[in-house]
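Colleague: If you scroll down you'll find the structure; I have some questions about it.
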């Protein structure tokens, strides 16, 4: 006789038993009633956390106590839940006493990655497996608890693109804004790799996931900014220990997170740094006027000087009569005012001239002066032999500019020289500088080495260098809100132009060879032949048609005799008459002037619209690098900047070859108390944001239900 406990009846007609998978799982659990481990394994396999909570890990005290004694079983189940992406089981196991600090070791984390890679149906795991090298070649895998295991699990979930799991660990971890920015950066990088591997669907998923985290970071920062502006400003520039002592602004800049960088909190902080100690509403006209007439700095407000500095108490004891007190008070105020006027003037001048915006203006004026001197000697005073005084001045001037670039490389946050150089080279304007200084070095070498007969080459290279120096001045426009995006458009359009030129080169060479072969058959094989091939079709694109040549009409004094023109290397040869050439020209002009030119215009229009739509965000993003550069620059401009360098070198030697620690507005190092305060503030506002988001979702669902019901 079969025991009744082994029989499960499922009536499909009953309304409350239509969940057939639930009925099957109930039957299996009943069969394994004495084996709680097998029951939990079944619940995990079926992804039914509700049944596990209801029938396996019940809420009674005795049952909880029993499960807490089975620590190894729960930790193994936690590992299985993570690998199988069973999100709802994780908080259930945490309620039963599982501790992440005890659960996660280097070995456990390694096994998590290893087992996740074995899931060949997961395209994210397959992609990541191709990117990550084997780092477990040594046996140094002793147990070691992570300081923040939630962060490690969060990064693991992000790398495998497990959205729900990653979101859960993000809520649990500290430094939520930094975590969201790091996740966004990782996902964007993975999306780029997926694109290289032609994993287009995966790329779209990764990009959408990354956008969610950038929106999360931006929204949480907005919640913080609404609560406390000053603390939020501190939050975005403080060093974050758990993420390599980086800052939120640095994370956003390095990973090109424009939406986050465009947030009001980031921009107001940049404005505070840009104006230095001056009031942020100080007009540019007043700043320019103060540069010309320093006495006008008295009209600029410096909030840090608003507090009065006393020069000592001049008031007598309380026993003095009212007249004596009044005289003493008047004397004290006079002394105080005189002292404060002097002190405030000195501090005001220092604050004004050391402000990044003032440093920027002085450097712009200095660079214009450099261009003026450089242009003057190239145009009027460039002769073979000994260099002129102006040329020596130009050499020295640009030498101080090169020294400043070396200082910028040395001042980078990266530890090794290789990464310092890579970080410096990542900026487009630094690449421009490298080209400019290299050309200038070549100019000096050719000027000193070449003979008088070859001096033309030195003049040519000097003139090209000067042209590049003029183009370098475009960075100045980045500071202006309306012109800055146009410079970015030009940069993007140059990229479009390069792609266009590759297509155009095919048409140019194909028709150029056809022209040359028919107009000048059996030409002399020399380098001048290549010039002839591209010369005519290139200028035809701009309207120079060369109709006489194409129709075979001889020019004045052209040479028809083959022996003569061969003796001259092909120069002065008369074109041959060929009816095919005008026809080729007509086809070529249709293809280039109508098809290709309109293609280029369409490419430029698309680039313009793409930048124009988010022009303000683009300008705000690129503004960071400009503000950061001039905040870090010495307040003296080239060529006088050399004195700043000498002073810093002297101070470095005086301090025993140790860098002096000074406050950095872009990288605040807070004490433990202030850091904990910022962390708690960020965590609190994250909870507020999540609660409000959840309420909005519930309201939206209720509204949809109500609307549907009314219909």
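A Cβ is built for glycine as well, from the same backbone N, Cα and C atoms used for every other residue.
Pulled from TrEMBL, these are the listed features:
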type	residues	note
COMPBIAS	700-711	compositional bias 'Basic and acidic residues'
DOMAIN	65-115	domain 'TRPM-like'
DOMAIN	133-263	domain 'TRPM-like'
DOMAIN	374-615	domain 'Ion transport'
REGION	692-711	region 'Disordered'
TRANSMEM	278-300	transmembrane segment
TRANSMEM	359-379	transmembrane segment
TRANSMEM	434-450	transmembrane segment
TRANSMEM	456-473	transmembrane segment
TRANSMEM	494-517	transmembrane segment
TRANSMEM	586-608	transmembrane segment
Colleague: Across the domain 'Ion transport' (374-615), what does the pLDDT come to on average, as a whole number?
Modeller: 90
Colleague: Excluding the flanking five residues on each side, which residues at least 6 beyond the ends of the transmembrane segment (359-379) place their CB within less than 8 Å of a CB in that stretch?
Modeller: 287-288, 291, 353, 388, 390-391, 393-394, 397-398, 459, 462-463, 466, 469-470, 473, 476, 479, 626, 630, 633-635, 637-639
Colleague: Using DSSP, how many residues in the domain 'TRPM-like' (133-263) fall into helix, strand and coil?
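Modeller: Across the domain 'TRPM-like' (133-263), the residues distribute as 93 helix, 3 strand, 35 coil.
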Colleague: Determine how many residues of the domain 'TRPM-like' (65-115) DSSP places in helix, in strand and in coil.
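Modeller: Output for the domain 'TRPM-like' (65-115) reads 39 helix, 0 strand, 12 coil.
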